[in-house]
């Protein structure tokens, strides 16, 4: 009787396992299938790809369990995997299309459905490559993009090595919010070739991955495409600070002050670098967060000059580009100012005395004429 019950129990377990897509060799060992139809899809967004899959076989009736998936992916050659655990059947992320992509995924069954321990399926794997055309040397060289004053994006490049004069390059870009990739409409040219792009106003493009592809064409040989990804706030080059001033706080302190650069960047987003010089020799170089700097000084006779430049700080970006230096502002100590005034007033005083003397002579000459005229008539 016990043997019959045991046989019935085993048969029941087998039927349940078959129905739910799992197999069980004991009460604690359950196996689950990996996801189906795992693939990487390129929607034409220059590096922003879709990873998608279908549920494992025979899990449609597993209603009491929430199935999860562990997804790992990376560019081929990268040392680390990105890992995501999700309940969805798709995931999106950006990749470097200059390299291949590899990804793998498996199914996770939670402990509530598996007698107290999580069950993982085997891995399903896939890869994706852009079919390369042309040798690597034909792609653009020295690509450089700058977001000037957080307003205007400009990218420039040099032609590939050994390309012929008929080679021309075209730039395409995309960021989240655009329906499709757009081509540059305002190229910078040199000798008839496109060597850069001036972008239009980029609405709602901050703090998003910005994808660029520069491809090329030539009648003589294929040209290799290049892909670039960055975020605009990390390549901002602001304007330099303005309205530099000095204020003597005490006999041993001078306060340097300036105003934030013109433009849309908030004051809280700036770092500043100051360079202070004494007689063309660098005295101090400092980085500050505010628009003031107090300098300790003991020699009142020296001349001090300073310049300031700005950069977007870590509170508003991960990186940035220093602005150009501001116009130079100089201050002179008291004694030196007196000497300067003396050098100015000495020649001016001499000229003033000379003018007074000559004026006096001219005013005295008319007084001699009345005496001379009567004497002249008396002699006749």
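Glycine is no exception: its Cβ is also placed from the backbone N, Cα and C atoms.
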Query = What range among 312-316, 317-321, 322-326, 327-331 does Swiss-Prot describe as motif 'WSXWS motif'?
reply = 322-326
Where residue 113 (disulfide bond) falls in three-state DSSP terms = helix
Using Cα positions only, nearest of the disulfide-bonded residues to residue 316 (disulfide bond) (113, 145, 155, 184, 197) = 145
Note = Judged by other C-beta atoms within 10 Å of its C-beta, the most isolated of the disulfide-bonded residues 155, 184 is 184
Remark   = Of 65, 197, 269, the disulfide-bonded residues lying within 10 angstroms (C-alpha) of residue 155 (disulfide bond) are 197
Key: Fewest other C-beta atoms within 10 angstroms, as judged across 65, 145, 197, 269, 316, which are the disulfide-bonded residues   = 65
